[in-house]
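S.K.: If you scroll down you'll find the structure; I have some questions about it.
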Amino acid sequence: MKIVVPIMPTSLEEAQALELSRFEGADIIEWRADFLDKHSILTVAPAIFEKFAGFEIVFTIRTTREGGKIELTDGEYVTLIKDVAAIYSPDYIDFEYFTRKEVFDQMLEFSNLVLSYHNFEETPENLMELLSEMTNLTPRVVKVAVMPKNEQDVLDLMNFTRGFKAFNPEQEFVTMSMGKLGRLSRLAGDLVGSSWTFASLDNTSAPGQVALADMCRIREVLDAD
C-alpha cells in the first residue's frame, strides 16, 4: 500500500518553504493546486515539480463542486490540467469525473488519469453503480472518498472495493471512508484492494487522515512477517 501525502501551498513562498525531509516514508505527493488562485498555479508549478522530483506526483485541482477550494468553469479546468501536463508530465492527473463528465472526452489523451468521486455528505446508495461506471472506463486509478454515517457504510465501501478488485485485478482502486468513523478503511485498505492511503503532515486535506509518521508505523506493522 502506497502512502500519499497532500501538499497545499497557498503561495510560491509556501511551496519553496516545504521541507523535503518531512516527507520521509511517503511514496506519492498529491499537489492540491486548488489552494492557489487559478493565475498562480503555473507560477508555482516549477517549485513543486523540482522539489519533489524524487516522488511520484498526483496533480489535483479539487474544485468547490467536490469539496475543494477553487471555482472553475469546465474550460478553465481542462486548460489548467493540459497546461501543467504538457510542461511537467505529472505521474497522475486527478479528474473529477461525475462533475466534469461533459468534458471527459478531452481527457482521453491521458493514460494516467485518476478518475475521482468525492462526497463529503454521505455514502450514496448507488455507490456500486458509481464504481462500476468509472471502472468500465479503465483509467489508471479509480478513486472514491465518501462520508459514512454509520459503521455499515464503512464496511459496505470496503466490501465493494474488495469485490471490484476481485473482478478487475488489473485495475487500481483507491477508496476511503472519511472522518473518524471511516479511519479503518484508511488503515486496512490494502486488505480489500485499495492501493493507496492518504496521510498528512500539519494540515489534513480530508477528514480522518492519519499523520504520516503514524501511517508509516502502521504500514510497517502490517507488512511485517
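Glycine is no exception: its Cβ is also placed from the backbone N, Cα and C atoms.
In case it helps, Swiss-Prot gives these features for our protein:
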- GLU30, TRP31, ARG32, ARG62, ARG186, SER205, GLN209: 3-dehydroquinate binding site (BINDING)
- HIS118: active site, proton donor/acceptor (ACT_SITE)
- LYS143: active site, schiff-base intermediate with substrate (ACT_SITE)
S.K.: Among all protein chains shown, how many Cβ atoms are found within 10 Å of the Cβ of ARG186 (3-dehydroquinate binding site), not counting that one?
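M.R.: So the number of other Cβ atoms within 10 Å of ARG186 (3-dehydroquinate binding site) is 24.
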S.K.: Would you pick out, from the binding-site residues ARG32, ARG62, the residue whose Cβ has the largest number of other Cβ atoms within 10 Å?
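M.R.: Max Cβ neighbours within 10 Å, all protein chains included: ARG62.
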S.K.: Just to be sure I understand the packing, how many Cβ atoms besides its own are within 10 Å of the Cβ of LYS143 (active site, schiff-base intermediate with substrate)?
M.R.: 28
S.K.: Quick check: in three-state DSSP terms, what is GLU30 (3-dehydroquinate binding site)?
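M.R.: Reduced to three states, the DSSP call for GLU30 (3-dehydroquinate binding site) is strand.
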S.K.: Name the residues of the same chain, 6+ apart in sequence, whose Cβ is under 8 Å from the Cβ of GLN209 (3-dehydroquinate binding site)?
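M.R.: Looking at Cβ-Cβ distances below 8 Å from GLN209 (3-dehydroquinate binding site), excluding near sequence neighbours, one finds ARG186, PHE198, ALA199, SER200.
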S.K.: Near GLU30 (3-dehydroquinate binding site), how many other Cβ atoms are within 10 Å of its Cβ?
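M.R.: Excluding its own Cβ, GLU30 (3-dehydroquinate binding site) sees 25 Cβ atoms within 10 Å.
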S.K.: Translate the DSSP assignment of HIS118 (active site, proton donor/acceptor) into the three-state scheme.
M.R.: strand
S.K.: Have a look at the recorded positions (TRP31, HIS118) and report the one with the fewest Cβ neighbours inside 10 Å.
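M.R.: Comparing Cβ neighbours within 10 Å for the recorded positions TRP31, HIS118, HIS118 has the fewest.
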S.K.: Rounded to the nearest Å, what's the C-alpha distance separating TRP31 (3-dehydroquinate binding site) and the residue listed as 'active site, schiff-base intermediate with substrate'? Just drop the number here, would you?
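M.R.: One finds 16 Å between the Cα atoms of these residues.
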S.K.: In whole Å, how far does the CA atom of HIS118 (active site, proton donor/acceptor) lie from that of LYS143 (active site, schiff-base intermediate with substrate)?
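M.R.: So the Cα of LYS143 (active site, schiff-base intermediate with substrate) lies 8 Å away from that of HIS118 (active site, proton donor/acceptor).
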